[in-house]
């Protein structure tokens, strides 16, 4: 694992070379190909080096992190053309990638916490440094304070666990059960805010609306998955107490997910709509993890990978429109099928994946999560039926509103899309829909 970390660290000087935008991208692609050849053990952490290791949960999320970071650079071509502090932008992405890589590969709970919080700083710099509007400062403050407010109790909880167990190695924690209610809440609260769970979600739409396309991609693609990854690791410590208390989070998530799905139908900002749809999807993931059964863990993991690719691709589509019309409003982005018929196909493909149509990974994830929640309580079926219906509703609403109808007459010059944009969308859509062919590997992983 150390060799990949060294490879990323030695990429930092490349960021300051002139016209080396493409080289950083190629190096990230090389890391992906080398990393895919890791020999993995089904049950245990392997490829151990210092405090780092890799099991099959962290393997998929590290791969997704490098993939999304590569696509972030591809999506930010406008910064390169305008020479808008491009060197610092690349440096920011590499530092963020290093933080994420270390978060997912750390075996020590304190080091995991350190990099979990450290990944917030490059994200904040992306929003404040390359965002569009003056309100980005307020969005950055929301992001910072929501996350830090919830994570301080977690730090106290980690110190308490160390005092009690005398070690913080995540792997060995499965041999212990902690039956302390306050510790349970303090340890999982930071992850619930990061997911985000309903009631703690207000920072997400603000951050998405003000962030540049790269910021939105990394927020939707990876940052929300940090919370899910943390819950998958931490809940092993709280199995007994989780069986008594987890119903609270499941009820909040299902009720909140339904309300947010309805809220999506009231949005006029495309980015805001996609951000709220992320909250609805993540509420299903929280519910699945909290059931603490096989189907729930499997479904939440598959859903996290699928949603990371799908929502990132949708933010790219919104950005492609924004670069041409300079507006994210649904009232301005109408009748795009007249201007960009080829792009309309990609809108349809990604929207259909977002509503969990076959053959996307979202479908596999939703089937597993529905299986898990209905086996936990059949009453949850009522909420799940309505959530599935409205998720299809707002996806179709966004597609039909943007692609059909009369177009905006203020548009006087237009270009239909370049090969870079189509490649960017293909690289989101292909893994999202092709990984379903190897879904048996996900079944073995757990």
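From the backbone N, Cα and C atoms, a Cβ is placed for every residue, glycine too.
Over the domain 'NADH:ubiquinone oxidoreductase chain 4 N-terminal' (1-103), the average per-residue pLDDT in this prediction is 90. Per TrEMBL, the feature domain 'NADH:ubiquinone oxidoreductase chain 4 N-terminal' maps to 1-103.
Residues or ranges marked as transmembrane segment in TrEMBL: 21-42 (among others). Residues 4, 7-8, 11, 14-15, 54-56, 59, 62-63, 66-67, 69-70, 73-74, 80, 86, 90, 93-94, 97, 444-445 of the same chain, all 6+ positions outside the transmembrane segment (21-42), place their C-beta atoms under 8 angstroms from a C-beta of that stretch.
The transmembrane segment annotation in TrEMBL covers 48-73 (among others).
Proximity of distant same-chain residues to the transmembrane segment (85-104), defined by a Cβ-Cβ separation under 8 Å and at least 6 residues beyond the stretch ends, is recorded for 4-5, 8-9, 11-12, 14-16, 21, 24, 28, 52, 58, 61-62, 65-66, 69, 72-73, 76, 79, 111-112, 115-116, 118-119, 121-123, 125-126, 129-130, 214, 218, 222, 226, 229. For 85-104 (among others), the entry in TrEMBL reads transmembrane segment.
As annotated by TrEMBL, domain 'NADH:quinone oxidoreductase/Mrp antiporter transmembrane' applies to 108-390.
Look at TrEMBL and you will find 110-131 (among others) tagged as transmembrane segment. If one looks beyond the transmembrane segment (110-131) by at least 6 residues along the same chain, the residues whose Cβ comes under 8 Å of a Cβ in the stretch are 51, 79, 84-85, 88-89, 92-93, 95-96, 99-100, 102-103, 137, 139-140, 143-144, 147-148, 151, 154-155, 158, 162, 168, 170, 190, 207, 210-212, 214-215, 218-219, 223, 226, 230, 233.
Within its own chain, the transmembrane segment (143-162) has Cβ neighbours under 8 Å at 109-110, 113, 116-117, 120, 123-124, 127, 168, 178, 183, 185-187, 189-190, 192-194, 196, 200, 202-203, 206-207, 237, counting only residues six or more beyond its boundaries. Residues annotated as transmembrane segment in TrEMBL: 143-162 (among others).
The annotation transmembrane segment is assigned in TrEMBL to 216-241 (among others). Here the transmembrane segment (216-241) has Cβ contacts under 8 Å with residues 57-58, 61, 64-65, 68-69, 71-72, 75, 96, 100, 103-104, 112, 116, 119, 123, 126, 161, 170, 173-174, 176-181, 184, 187-188, 190-196, 204, 207-208, 271, 274-275, 278, 282, 285-286, 289-290, 292, 297, 300-301, 304, 307-309, 311-312, 315-316, 319 of the same chain, all six or more residues outside its ends.
Tertiary proximity for the transmembrane segment (247-266) is limited to same-chain residues at least six positions away from its ends with a CB under 8 Å from its CB atoms, namely 188, 192, 197-199, 201, 273, 276-277, 279-280, 283-284, 286-287, 290-291, 373, 376, 380, 383-384, 386-387, 390-391, 393-394, 397. Annotation comment: TrEMBL describes 247-266 (among others) as transmembrane segment.
Residues annotated as transmembrane segment in TrEMBL: 273-295 (among others).
Feature annotation from TrEMBL assigns transmembrane segment to 301-318 (among others).
Feature annotation from TrEMBL assigns transmembrane segment to 339-357 (among others). Remote same-chain partners of the transmembrane segment (339-357), defined as residues 6 or more beyond its termini with a Cβ less than 8 Å from a stretch Cβ, comprise 277, 306, 310-311, 313-314, 317, 320, 363, 365-366, 388, 391-392, 395-396, 398-399, 402-403, 407, 411, 414, 416-417, 421-422, 425, 428-429, 432-433.
Counting residues 6+ beyond its ends, the transmembrane segment (377-401) has Cβ neighbours under 8 Å at 250, 254-255, 257-258, 261-262, 264-265, 270, 273-274, 277, 280-281, 284, 287, 330, 333-334, 347-348, 351-352, 354-356, 366, 370 in the same chain. Per TrEMBL, the feature transmembrane segment maps to 377-401 (among others).
Outside the transmembrane segment (422-444) by six or more residues, the chain places 42, 67, 71, 74-75, 298, 301-302, 305-306, 309-310, 312-313, 316-317, 342, 346, 349-350, 353, 358-364 with a CB less than 8 A from a CB of the stretch. Residues annotated as transmembrane segment in TrEMBL: 422-444 (among others).
Counting residue by residue with DSSP, the domain 'NADH:ubiquinone oxidoreductase chain 4 N-terminal' (1-103) contains 72 helix, 7 strand, 24 coil.
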